[in-house]
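J.: Among the features that Swiss-Prot reports, ADP binding site is placed at GLY153, VAL154, SER155, ARG156, SER157, GLY158, LYS159, THR160.
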Amino acid sequence: MHTRTVFFISDGTGITAETFGNAVLAQFEMKPRHVRLPFTDTVDKAHQAVRQINHTAELEGVRPIVFTTLANMEVLEVIETGCKGMLLDMFGTFVRPLEIELAVKSNHRIGRFSDVSKSKEYDARIAAIDFSLAHDDGQSNRDLEGADVILVGVSRSGKTPTSLYLAMQHGLKAANYPLIPEDFERKQLPPALMPHRKKIFGLTIQPERLSQIRNERRPDSRYASLENCRNEVSEAEAMMRRAGIRWLSTTTKSIEEIATTILQELKPERLVY
């Protein structure tokens, strides 16, 4: 497939336009060249953007793809009528039809989605991130009653990135604990976690993949050996079965897929959108 230039145009930071655009582009096997045009908030800047888009179209002999999130209708009109790209306007596609359906005019405020520094949702996310960092890798057993999710699994099975994703994306207070040889000898989860079993979710991973990941960190060590990884994974999975907790393999799953499964299984009450 021919490499396309993709423009992301916004009268704000452009984060929403880029997130929306990348989610759509991910459905196609292509490596687009990204051009970001944030703060396109005047007619003059819109004309500059049009000239850049049209120059790219002439230079490459193919239409650029243009994703926009423009609240200013005058600016949008300049882009719509002047550019020679394929225009995909997020507000026109989603916001304006919703205005008709809801019979309510949207705020059309620039950067409304991202301007959360004074909101309750922002505060909830910051509190969740602080909690998750304080309870990363079993650093603390305190205040576990305040946790929304407690992840357990062998070292390097994906607990920390999943915890931080849950905190940043959903405002969930996520603790995580590594399962270690002492736990395997006792053949049960860490005692401090047992009162909170309903919040516990286990992560496992194929031993071969675990050994590969650990070798990147500590090459040729017993910790990273395939034999040790097989033993740890086997013990951890047996422990999870005995405890009756829900768990999944992270081997072929993205952080987003892991987090979504956890939300579906545990159904935490406190979610930030």
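Here the Cβ of each residue, glycine as well, is placed from N, Cα and C on the backbone.
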J.: Please list, in sequence order, every residue of the chain apart from GLY153, VAL154, SER155, ARG156, SER157, GLY158, LYS159, THR160 whose Cβ lies within 8 Å of the Cβ centroid of the ADP site.
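T.: Near the ADP site, beyond GLY153, VAL154, SER155, ARG156, SER157, GLY158, LYS159, THR160, sit ASN176, PRO178, LEU203, ILE205, THR250.
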J.: Show which residues of the chain containing ARG156 (ADP binding site), separated from it by at least 6 in sequence, have their CB under 8 Å from its CB.
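T.: ILE205, LEU210, ILE213, ARG214, ARG217 - these are the non-local Cβ neighbours of ARG156 (ADP binding site), listed in sequence order.
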J.: Does DSSP put LYS159 (ADP binding site) in a helix, in a strand, or in coil?
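T.: Reduced to three states, the DSSP call for LYS159 (ADP binding site) is helix.
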J.: Give the three-state DSSP assignment (helix, strand or coil) for VAL154 (ADP binding site).
T.: coil
J.: Within 10 Å of the Cβ of GLY158 (ADP binding site), how many other Cβ atoms can be counted across all chains shown?
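T.: Around GLY158 (ADP binding site), other Cβ atoms within 10 Å: 23.
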J.: In sequence order, which residues at least six apart in the same chain have a CB under 8 Å from the CB of SER157 (ADP binding site)?
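T.: The list for SER157 (ADP binding site) reads LEU203, THR204, ILE205, LEU210, THR250, given in order along the sequence.
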